[in-house]
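Features of the protein shown, as given by TrEMBL:
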COMPBIAS  691-701  compositional bias 'Low complexity'
DOMAIN    45-664  domain 'Major facilitator superfamily (MFS) profile'
DOMAIN    469-524  domain 'Kazal-like'
REGION    670-709  region 'Disordered'
TRANSMEM  83-104  transmembrane segment
TRANSMEM  111-132  transmembrane segment
TRANSMEM  221-251  transmembrane segment
TRANSMEM  271-295  transmembrane segment
TRANSMEM  354-373  transmembrane segment
TRANSMEM  393-414  transmembrane segment
TRANSMEM  426-445  transmembrane segment
TRANSMEM  550-573  transmembrane segment
TRANSMEM  585-607  transmembrane segment
TRANSMEM  641-663  transmembrane segment
Amino acid sequence: MRVETDSNVNHSNLEVEPTQTLEDGAIKHVPVKKKTSCCTGLKVFLLALSFSYLCKTLSGTVMKSSITQIERRFDIPSSVAGLIDGSFEMGNLLLLAFVSYFGAKFHRPKIIALGCCIMSAGSILTAMPHFFMGYYKYETASHAVLSVNSTSSLSPCSVDQNVTGVSETLSEQPDSDCVKAAASYIWIYVLLGNLLRGVGESPITPLGISYLDDFAKEEDAPFYIACLHTVAMIGPIIGYLLGSLCASLYVDIGFVDLGSITITPKDSRWVGAWWLGFIIAGITNLIAAIPFCFLPKSLKKQEEENNDNISSDLSKIKGDQSRHHKSENHQPVKWSVISKGFFISLKRVLSNRIYVTFLCCSLLQFSSFIGFLTYKPKYMEQQYGQSASKSNFVTGVTALPAVSIGIFLGGLIMKKYKMGMIGATKFGFGMSLTAFLITLSHFFVGCENHVVAGLTVSYDGKPVARHETSLFSVCNSNCKCATNQWDPVCGDNGITYISACLAGCKASTGHGKNKVYHNCSCMEITDSQSGNTSVILGQCPKSDDCSRKFIYFTVIQVISAFFYALGGTPLYVTMFRCVHPELKSLAVGLYTLFIRALAGIPAPIYFGALIDRTCLKWGSSSCGHRGACRIYDSDAYRYTYLGLIAGLRLPSYFLAFLFYTMVKKQYQAKDPKSTENGGQESVPMNKEANSKSNEYLSSSSDVERESRI
């Protein structure tokens, strides 16, 4: 029966009305005008996915910006802090591969909504230990001062001696609070919360990208992905600014008298309100789940809209609907068939040599990038004497905007010049290599060590080797000082002393941050121009030259981040375009899975373990156990940290050259007339995909057909 249509009616505004059975048994299809909805459409999905990306990157950045605060709050070394950071990747490992494959067969937007809710729960769980722990007690001699009635003629030497005696008494008869603190590994709850956040994040990237690529025009997909990642970069910017604000607030703000706090945000014992950022991140992730609950399971691909074949499309839609209805009501799900299809698809992806080469190259680059990002705030604190708050702020307002601009321009350039596989590969790895060469200049903008008596210099101010350090000298031999205590003071001679006792101070005045120690005997053996023998609380600041080098470091970081991000979008598109179209969702999932497993989990741990080896002075917990590191060897830290980053990235470019050679050989050989930056090289890719499609469908068509729900 003929279906009459109006040539002016757009195909996107038509839908199939329920069929009407005529007396002669014929079936009549009546096209009617479709009701438009604000919750159905590719652009609405793109907006919702962009906001979810923003929220998940916000949560991840809050963790990165708080890792130093968590390390100090729970008195753990950097390696354990790296394990906590890597627990997010562990959560991804639990579900990522299966969600990437099976999720594409279900309602993808609703699965993404569920993931956002789980991320929200994980963020809030991460912050919960703060509300069950006692007030933060940093190591200081000032606590003992409170029990002494004298205020002006107090001798730190005698106070420290009493403290030592008290410590020995506590070690013999520890109180219940100390036993509880030593026996409870409450940081495990932070690890579990971060792990749960990783579980919730697993469906967002593979299902979101595949959904977007399935229903967008092929030439528009790179631009949409670039827009997605550009908007997502707002999350880290907000996250670092939020982390900066939280780091400037004292951890127990609102519950303690801040006037009695003797440390400042630049002190290595300072702990900010790290928990506040996770509460905010949990709320935003919950809001991000709402739009996905109203989005459809599938959309109509933009390039398939054609007004000339409305009748055939209507018949096809009706046939698909009837088969879908029959499958839902009469055919049970055959999980054995689905599993078989999964392993067939997995084998096809991992047998793709181009994909595997790109994966190995990405593993090295991401291991370097993750290690750098995790400990960048700590590096800025220890190398340049910056506070955690300022380190997060500088990162948020300098490097991340450059990354956002780079990602957006990368997608725009790829769309404008219609880059195929060869052009995208050359451009992407070229920009990455340029960024790497720029970052090598970080080795030349480092600062000198902190001048600490007994650690980096002798008490008369002369440099000493690390293995020749000694905390005691003639000037403090009359004081029985606690060597495991870290309560630094600064003299006018520019030397930092580990404590007022080790500085040989005989008296103190003032209260809180304004406390001043006088008659310090160790000040007399140095050539102090002022002749002042008093010291104040806190470490001595680094030189003005170090402040200039911090500016150079920031400029270098901004430039290198821009070039690295400029090639990010072309390389990301290349990754899932080098596999069969039916397997791109699985390819994205496997890519993310391997990055999480082999880069995201181990990198923070071995970076942290190597950084721990450069520690000069460990702090002590309330029970006398080893706590977080208070000061590092700046030179050893710089060469270890930057050397490991360069050592991972350098061999990745040999693999990048191999990847480019394989891509050029495969795609250019199929079309010798193709240009490097034109769109012609995508033709062989599509031809190959079509030829492989026939082979794939013939070998596993039954599996794929029966596994769809």
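Glycine residues also receive a Cβ, built from the backbone N, Cα and C atoms like all the rest.
With a threshold of 8 Å between CB atoms, the same-chain residues lying at least 6 positions outside the transmembrane segment (354-373) that come near it are 64, 432, 571, 574-575, 578-579, 587, 590-591, 594-595, 598-600, 602-604, 606-607, 641, 644-646, 648-649, 651-652, 655-656, 658-659, 662-663, 666. According to DSSP, the domain 'Kazal-like' (469-524) comprises 9 helix, 11 strand, 36 coil.
The average pLDDT the prediction assigns to the domain 'Major facilitator superfamily (MFS) profile' (45-664) is 80. Residues 221-222, 225-226, 229, 358, 380, 384, 386, 394, 398-400, 402-407, 409-411, 413-414, 419, 423-425, 427-432, 434-436, 438-439, 441-442, 445, 447 of the same chain lie 6+ residues outside the transmembrane segment (550-573) yet bring a C-beta within less than 8 angstroms of a C-beta in it.
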